[in-house]
Amino acid sequence: MNSTISLLSQLVTRDSDESQMTDIELDNAQYGYIPSESVAILFLVLYGISTVLHIGQSFYFRLWWLLPTAALCGVGELVGWGGRLWSSFSPREDTPFIIQISTTILAPTPLLAASFMIMSRLIQRLGSSYSWLTPSWYTRIFLPCDIIALVVQGVGGGIASSADDQAGAEQGAQVMLGGIGFQFAVIIIFSILALDFTTRYLLDRPVRRADSSSTSSRKPMTPRLKVMSIALGFSTVVLFIRSVYRLIELNDGWNGRIIETEVYFNVLDGGMVVLAIFTLNFIHPGVFLNAEPQLPSAYTSPSEIKLRSQESV
């Protein structure tokens, strides 16, 4: 793990020959720099591995909702970083620049939807009486919000890519900024609710009292559920960091210092999404959200035993 981080830190800096670009070359480059070929290849390899793993894991565990979420995120990132690799050879071309700016903004949105699904299942496993929202309402509220954010960002990307002048491109950027801002607000609300649920569960302070025979009563935090909860928190934090970066980047404009600094993008966008998507490969819901067989105890009611046997099937 340390060697991977060390390799990444070495590759996120610009190649020495790129630092010697002339002012004319910089003016003609779409990015304000020439994207690093080595960094693009590194991220293509990482996203390729994660995407293949997510597709295989989705079929193996029969968790089909991971295909349009985590796997789709990986595919989108592959397209985006493919565009950046193309730009490393043709930095003046419009097409690869448009491909990468659109897809790298949109791609992490489905991955956030996976977080909503996982949180819903954690609440179902641990006790919905500790949550302000029931498990079903997590998906009913946050998934449509995620889709809205995706559509708004996509519309903004379309406006920017079809613009004939700088004013049109800036208008598209503002629309994308609105979509990212909306998504950022959703992440904050989701994080507050998730933190509130976790705190209430740990302190045994439910929002509402459940009947002792109800499946919404408090259930034990098993080691696997604890690991899954930590993984979800970590994934949400890195996606939050990435959203902050994107907000600042687009607000700074197409010719701002943030968007024209490659290392910021490599670390705060590419790096953060890599951490989030690989977290779900290593701490996979198919393993860590599966119901664990347990003997009847003081925590377990007959209805809970029946429910767990059904979930394990």
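Just so it is clear, glycine is given a Cβ too, placed from its N, Cα and C backbone atoms.
If you check TrEMBL, you get these features:
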{"type": "TRANSMEM", "residues": "38-56", "note": "transmembrane segment"}
{"type": "TRANSMEM", "residues": "63-82", "note": "transmembrane segment"}
{"type": "TRANSMEM", "residues": "97-120", "note": "transmembrane segment"}
{"type": "TRANSMEM", "residues": "141-160", "note": "transmembrane segment"}
{"type": "TRANSMEM", "residues": "180-203", "note": "transmembrane segment"}
{"type": "TRANSMEM", "residues": "224-243", "note": "transmembrane segment"}
{"type": "TRANSMEM", "residues": "263-283", "note": "transmembrane segment"}
Contact between the transmembrane segment (263-283) and the transmembrane segment (63-82) (3 or more Cβ pairs under 8 Å, separation 6+): yes
Seg_contact(the transmembrane segment (97-120), the transmembrane segment (38-56)) with at least 3 CB pairs under 8 angstroms, min sep 6: no
